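Enquirer: Just dropping this structure here.
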Amino acid sequence: MAKNGASCEQPQKRGTKDKQNGHFADSAVSERRQKDREERLALVLWRRPIVTLNYFLLETFITLKEWTLKLWQRRGTVFLILVVCSLFSLAYSTEGAHQTYVQYLEKRFLWCAYWVGLGILSSVGLGTGLHTFLLYLGPHIASVTLAAYECGSTDFPEPPYPDQIICPEGGVDGSISLWSIVSKVRLEACMWGAGTAIGELPPYFMARAARLSGADPDDEDYEEFEEMLEQAQTAQDFVTRAKLGVQNMVQKVGFFGILACASIPNPLFDLAGITCGHFLVPFWTFFGATLIGKAIVKMHIQKLFVIITFSKHIVEQMVSLIGSLPRVGPSIQKPFSEYLEAQRSKLHHHTGAGTPATENWLSWVFEKVVLVMVCYFIISIINSMAQSYAKRRQQSRTNSYFQ
């Protein structure tokens, strides 16, 4: 009996020791990952410029090599696309009656591709998203709105529209309506929204691939998502509870939950893409709901907000309100009034009549803000790609250590 009792105690002690060793190994791996993450985040241009640029170039070379191999594996599809492009190029360069349609299609295609590209840049997450709605689409809608109320029409002559807005002859003051402005900017707004929907696909594909393969992608957002799932019952702070709310809505409601999250300005929508990929939601369910929500519902909400904000009477009230501010009001009101007056005068200068070459400090400031944000976006891409290469080195070092 004593021998049997001793033999029973030995496996129990061995099991306890194995659990302790496993817990120690998990904590060591977690500490190593945290240390590697901190080391990667410290790799930025303003701290280590030479190393960051070197890693950025190496990551660019590796990415181009990977894409070249993928294109070679799908060389049949690539050849078919090249044949179609060659036929379009032949039709484009050949003279004939079809040139009218070719030029129309070219103009529409480039216009749509421009706004789709800006939408992708806004949400794809290359480093940090470029806020292209505030920098490009919002000002475009605002300029069309101001021009429509000033001209009394939205039938701006093409060309020069959309490069330059000039009032058509015969515009009647007061004949403009809200829905006519909405219709005028619907194409570019919907294309921008479609671009933002396309930009939400990388988190979905990353989480889906990780779930299907069972591999750990070592992605910060995905690790945060898994930690949030583990701590769902003990979450106390508002941000975590908001993320859990998005995750529960997407997981339980499905298509309409994704549609609801995509239809409102939602900075946590990346989590919806990760959730859908992790729980293997079908691609067309996720992308269809995202496309409808962002390109139709959300886009019309944002568009109506900008149009109403920049309607004629609202703008006049805003300028008068600025002038009523104590002490600084009149000095601030003057440049706003001059800027609006300059824009109105430009609308009535037809082609060949000469455009006034006056420049307001507001337009100068806005141009510099756009330049700064674009430069910051480029710098964030360089930092992000350099950190990706650093992660490759860390993973290679870890794999060689365990081998």
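Note: Cβ is positioned from N, Cα and C throughout, glycine not excepted.
Annotated compositional bias 'Basic and acidic residues' per TrEMBL: 11-21, in sequence order. The region 'Disordered' annotation in TrEMBL covers 1-32. The annotation transmembrane segment is assigned in TrEMBL to 76-93, 113-137, 249-265, 271-292, 304-325, 369-390.
Map the listed features onto the structure and describe their local environment.
Expert: Here the transmembrane segment (76-93) has Cβ contacts under 8 Å with residues 102, 106 of the same chain, all six or more residues outside its ends.
For the transmembrane segment (271-292), the residues of the chain that approach it from at least six positions outside its boundaries are 194, 197, 200-212, 221-222, 225, 243, 246-247, 250-251, 254-256, 258-259, 261-262, judged by C-beta separation under 8 angstroms.
Listed by sequence, the residues of this chain that lie at least six past the ends of the transmembrane segment (304-325) yet keep a Cβ under 8 A from its Cβ atoms are 138, 141-142, 145-146, 149-150, 178, 181-182, 332-333, 336-337, 340.
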Enquirer: Would you kindly list the residues that approach the transmembrane segment (369-390) from elsewhere in its chain, counting only those six or more residues past its ends and only Cβ-Cβ distances under 8 Å?
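Expert: That would be 39-41, 43-45, 51-53, 55-56, 58-60, 62-63, 121, 126-128, 130-131, 135.
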